[in-house]
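*Asks:* I am attaching a structure below and will ask some questions about it afterwards.
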Amino acid sequence: MERHIRYDAASRSLILLDQRYLPTREEDFVCRNTDDIVTALQVMVVRGAPAIGVTAAWGCVLAAYETAESGMETWRPVLDGLIERIANARPTAVNLRWAVERMRAAWHSLGRADLATLITYWTNEAKRIHRDDIAINRRMGEHGAELIDDGDAVMTHCNAGALATAGYGTALGVIRGAVEAGKNITVIANETRPFLQGARLTAFELHEDGIPVTVACDNACGLLMKRGMVQKVVVGADRIAANGDAANKIGTYSVALLAREHGIPFYVAAPLSTIDRETPDGDHIPIENRTPTEVTHVGATQITPDGVPVFNFAFDVTPAHLIAGIVTEMGVLRAPYRESIAEAFRKAGL
């Protein structure tokens, strides 16, 4: 599944599969300018840290075209402001800022080049980011597959699959890698309230691929583990701190605690671009607080009384000591994570 992020050069637009409507309807959301990109990111037309990064890279290309169409001679500060808007669209997923800063660095490497030259260069850079993400996910899948045994039931939370990346997936990349290695496994997809990424998106992806998947209520995790129905847990991440603390979709921390209680290995799968070496630990990761209507309503139906406040934190942080390993394109990192993360970046030349 790699059709969900598509750049159309002829129309100078980014075409996104609108994930808000899956699995019952497949509808495209077309981005033609910065406003469209920011909206797509904020309302979660596209979500998942790597996919957010790829979208941001293409968003920079659209911002450059938008700047060119304005005809302003002093275009550099205008363009810089547009791409900064993209970088600030969502606070937790570090790949968003990473992608924009990579595009900005490419811009600076050109010196005083004109806007037409920058557009060409940025288009090629966005293609590289897009292509590289798929290749990185496949490498992670190969490394992570070694952690999965034949016959395992693997639990996952939220959606860290092809839809959350440029293709193949991080946590689901590990699952796909295990299946491609000939292992007979099943998947338990937690529904993942309130946006239901597990029930809607993970189940959709795996069912399309013919990988056995069962959706579970979030609050059934403990029972399933106690009954021996879960052998491994693999999740993605939106930001990993330098010490290995990992921010992922709200509820992940609870799953990790339950896994520790029941002696079940809990793994995080994420590319090096999701690791923020400038963030020392999880206490310094910003946690997005989203609109209350995601909790108070299911679709158009209100389920809570008027006037009752809600908590809608989009992410929580799983401390490093609960994580058995972090699957990256450089291999599976083990504790102590501060050292293994630093070594992985050294090996990658970053």
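Every residue, even glycine, has its Cβ placed from backbone N, Cα and C.
OK, Swiss-Prot features for this one:
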- D238: active site, proton donor (ACT_SITE)
- R47, G48, A49, R90, Q197, N248, K249: substrate binding site (BINDING)
- C158: site 'Transition state stabilizer' (SITE)
*Asks:* For the recorded substrate site, enumerate neighbouring residues of the same chain (Cβ within 8 Å of the Cβ centroid of R47, G48, A49, R90, Q197, N248, K249, site residues themselves excluded), in sequence order.
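*Replies:* So the extra residues in range turn out to be I52, A93, C158, N159, A160, A164, G236, D238, A314, F315.
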*Asks:* Name the residues of the same chain, 6+ apart in sequence, whose Cβ is under 8 Å from the Cβ of R47 (substrate binding site)?
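*Replies:* Result: Q19, N159, A164, Q197.
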*Asks:* Please report the distance from the Cα of the residue listed as 'active site, proton donor' to the Cα of G48 (substrate binding site), rounded to the nearest angstrom.
*Replies:* 7
*Asks:* At the level of the C-alpha atoms, what whole-angstrom distance separates C158 (site 'Transition state stabilizer') and A49 (substrate binding site)?
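*Replies:* Distance between the two Cα atoms comes out at 12 Å.
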*Asks:* Other Cβ atoms within 10 Å is the metric here; tell me which of the binding-site residues R90, K249 scores highest.
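*Replies:* Compared across R90, K249, the most Cβ atoms within 10 Å surround K249.
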*Asks:* Including all protein chains shown, what's the count of other C-beta atoms within 10 A of the C-beta of Q197 (substrate binding site)?
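*Replies:* For Q197 (substrate binding site), the count of other Cβ atoms within 10 Å is 28.
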*Asks:* With substrate as the bound species and R47, G48, A49, R90, Q197, N248, K249 as its recorded binding residues, calculate the greatest Cα-Cα distance and give it in Å as a whole number.
*Replies:* 17
*Asks:* Could you say whether, by DSSP, the residue listed as 'active site, proton donor' belongs to a helix, a strand or a coil region?
*Replies:* coil
